[in-house]
Amino acid sequence: MSSARTPLPTLNERDTEQPTLGHLDSKPSSKSNMLRGRNSATSADEQPHIGNYRLLKTIGKGNFAKVKLARHILTGKEVAVKIIDKTQLNSSSLQKLFREVRIMKVLNHPNIVKLFEVIETEKTLYLVMEYASGGEVFDYLVAHGRMKEKEARAKFRQIVSAVQYCHQKFIVHRDLKAENLLLDADMNIKIADFGFSNEFTFGNKLDTFCGSPPYAAPELFQGKKYDGPEVDVWSLGVILYTLVSGSLPFDGQNLKELRERVLRGKYRIPFYMSTDCENLLKKFLILNPSKRGTLEQIMKDRWMNVGHEDDELKPYVEPLPDYKDPRRTELMVSMGYTREEIQDSLVGQRYNEVMATYLLLGYKSSELEGDTITLKPRPSADLTNSSAPSPSHKVQRSVSANPKQRRSSDQAVPAIPTSNSYSKKTQSNNAENKRPEEETGRKASSTAKVPASPLPGLDRKKTTPTPSTNSVLSTSTNRSRNSPLLDRASLGQASIQNGKDSTAPQRVPVASPSAHNISSSSGAPDRTNFPRGVSSRSTFHAGQLRQVRDQQNLPFGVTPASPSGHSQGRRGASGSIFSKFTSKFVRRNLNEPESKDRVETLRPHVVGGGGTDKEKEEFREAKPRSLRFTWSMKTTSSMEPNEMMREIRKVLDANSCQSELHERYMLLCVHGTPGHENFVQWEMEVCKLPRLSLNGVRFKRISGTSMAFKNIASKIANELKL
């Protein structure tokens, strides 16, 4: 395989040719069998192993996919492993999946989730990506409400830098929205979900109409062809408005109403929005796509650079890869790798275990860990090959230089195609902007070798616990590619005067009904007009089976019967007109009842269980983890951890919540009725706050809608007497 990265071939949007593994072919690694053969049988440890990874827990699931939190055995680094069942996908979906993987391999930006390794067998594809412990921007807004402009600017500079980087590589994302913006442990942005991304060439129009309706450009609603970048620019305008106002500029009770508002291009300007921010919005939200600003122009905008006058935002320059770091090379040699195979894997960009190990060694998982690395010798081939199914094909591996690499698992679990990611942290130089972030099982991630983020610092508020999903799973192919959305006829051909910006925003004291507030930052929400599993949030795709014209007048969240019976994984109580596959696997399909086993195992307060006397003693002597996470004064205390756990259990019981003790100071909690919109699962953990003589309660959502989680989490937090 050539050491140079080959350009991605342009794909016909409507091509449905069955992809062969030749699309991603590469020379088999000498380690391939080892990766697939190492499993739980090879270790005395009861936790399952995949290759060089120990699977810790499921952090996301969907109809055809699971995402697992895993630990790289050789370096101790945590990774996210997405397991995709290819047998559930048709040829068109497979083609899009492989295109997504190829595109992610060429992206190396500190604010884009990094794909680290790809393993392919005959039936399953495993993607190993960064693990974003901070959850989605969507969840952050639900928990905290709108951002102050300083904080929004910090996030938005990172978003624009990453999207402009994609555009300069002639890649368009096409599904930018708050749900696809992740936060790492330091609250830096990571753009995820390249399932609808594609290459573009100016002059050759794209004609696939996809995206999430509130973020979709007007030309998509009109069924017009487009170059590519201009649809991302419109979506960025919606994102900016959402960050600053906590609401959407365009919304409606059904798709028809939403479409009409987008095509009018009118939105309200809240009284608290600065004039500079309002002027910047006018460069994004222009009905005529040819008149929208380019991201290079937007980088020079006044609002974008307030507080950064000496550091104007500029296009990101990708650093040269570092394939000859003597420290990492020597460490790998001590593990049993040879210098030749290390160089071959890196230069050939193979995305194999060798490259993954090298890249993982380049990063420390947490500032709290420092640079200490616990290294283990490489498993012998004899040990790991005994039960290895030989994969008939392998995915090409080509990695950019400095990502935190992680490997994927080869366990036969259902999976959904998507290129999701998990976030590597970019460096923030402004100490006053640091804040405790929510940490879901992994400590704050930090990057040693990755170039610093385009943003020197992030301002952050200390408020209520952030509902973090920890796994942002995107769904590229699994977004119902077979479920219709906007077809040109059904959307109609409303005419818009070209060359005329009809936005004419009006200032009003509060957001208008068309701009539904996501949440307020105080107290439990009284409204649920920013739900996750409804059509207004769902990503749509041309060529889906259901006809929009039959649904345009239905309220969001009401789904007509599917003529094909092809409803894949709805996230809301009753699903949505568009398959909610881009939202993420973390949201379980609430139409399907929770498995009996799952509910029955969540008995209240199961402590300790069986085990040896030694294990029980270790359990009793365990101490809370020292973590950085989003906390508030209501959930911190100088009480002893055991007293805090008793208080938490008391409040959970009072609110009819089931709980199960997973670790000494961590409870898995469930509230609501399986199969209903109020059903939610989350973790509550008593943690020690670093550098403070206080303990705090960490909340982390596992599944369920953002609003359902916020309702119960806020109620419990308010009732805790800590």
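Glycine is treated like the rest: Cβ placed from N, Cα and C.
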In Swiss-Prot, the member of SER392, SER408, SER468, SER579 to which phosphoserine is assigned: SER408
Which candidate, of SER92, SER345, SER380, SER538, Swiss-Prot gives the annotation phosphoserine: SER92
Residue carrying phosphothreonine as stated in Swiss-Prot, selected out of THR87, THR294, THR384, THR635: THR294
THR58, THR418, THR630 - residue that Swiss-Prot labels as phosphothreonine: THR58
Record-annotated phosphoserine (source Swiss-Prot) among candidates SER30, SER91, SER638: SER91
Per Swiss-Prot, the candidate from SER245, SER274, SER714 carrying the annotation phosphoserine: SER274
Helix-strand-coil residue split for the domain 'KA1' (673-722), DSSP-based: 14 helix, 18 strand, 18 coil
Cα separation, SER93 (phosphoserine) to ALA65 (ATP binding site) (Å, whole number): 14
Site with most surrounding Cβ atoms, counting all protein chains shown within 10 Å, from the modified residues SER93, THR208, THR294: SER93
Nonlocal residues around THR58 (phosphothreonine), in sequence order (Cβ under 8 Å, 6 or more apart): LYS66, VAL67, LYS68, LEU69
DSSP helix/strand/coil residue counts for the domain 'UBA' (323-362): 27 helix, 0 strand, 13 coil
Candidate with sparsest Cβ neighbourhood (10 Å radius) among SER92, SER212, SER274, the listed modified residues: SER274
Euclidean distance between Cα atoms of SER212 (phosphoserine) and THR294 (phosphothreonine), Å: 21
Cα-Cα distance linking LYS61 (ATP binding site) and SER93 (phosphoserine), given in Å to the nearest integer: 19
